[in-house]
């Protein structure tokens, strides 16, 4: 079994130019949506007005922006750092995921402090339960990535298989994060501020980057890795 590389997969040779440009445009839009939605949630939260106000801010930074961009780094058409080497992209991926974990930890700390101070019970909604599972899965993914970064120190014998698991589970974790964000939009806090057609638009925004990322991983990496295992 040959060592597996994580790199950019070129587009098919006979692919129409229009299709190629449409795919690139969808990637640019995914970056804009990830950034714009994070800014929107930050403005909506009015950080500093309460302990709770920091929770959506840091969680949006963690999952809607940092994690999304860390995954898109490896996209053949959508990466903002397409000019970087594979080694540099891996380092940037680690930096993005580390920042995501730090922001998620801060977001968790603020919501626990807020509910404790208000004497409210924890884990009473689907949003909180799925969010807790997402945080746990994110931590497991980080450990898996650490093993891939230092396979000899971690005594990993089947690196190719672990990379496949890391890719597949990484997609699942990001989709779990997207579901958590969607469930948060059903909260009293969010629905008190966003109503009508605007609410449905907000519901669609986090789904779009998730679809782009799902297509990226399933099309460009998973079939290739299964063949090389």
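A Cβ is built for glycine as well, from the same backbone N, Cα and C atoms used for every other residue.
When the topology recorded in Swiss-Prot is consulted, residue 87 and residue 216 turn out to share a side of the membrane. Taking all protein chains in view, 25 other C-beta atoms sit within 10 angstroms of the C-beta of residue 55 (heme b 1 binding site). Secondary structure counts, DSSP: the topological domain 'Lumenal' (46-53) has 0 helix, 0 strand, 8 coil. Residue counts for the topological domain 'Cytoplasmic' (150-169) under DSSP, split into helix (H, G, I), strand (E, B) and coil, are 11 helix, 0 strand, 9 coil.
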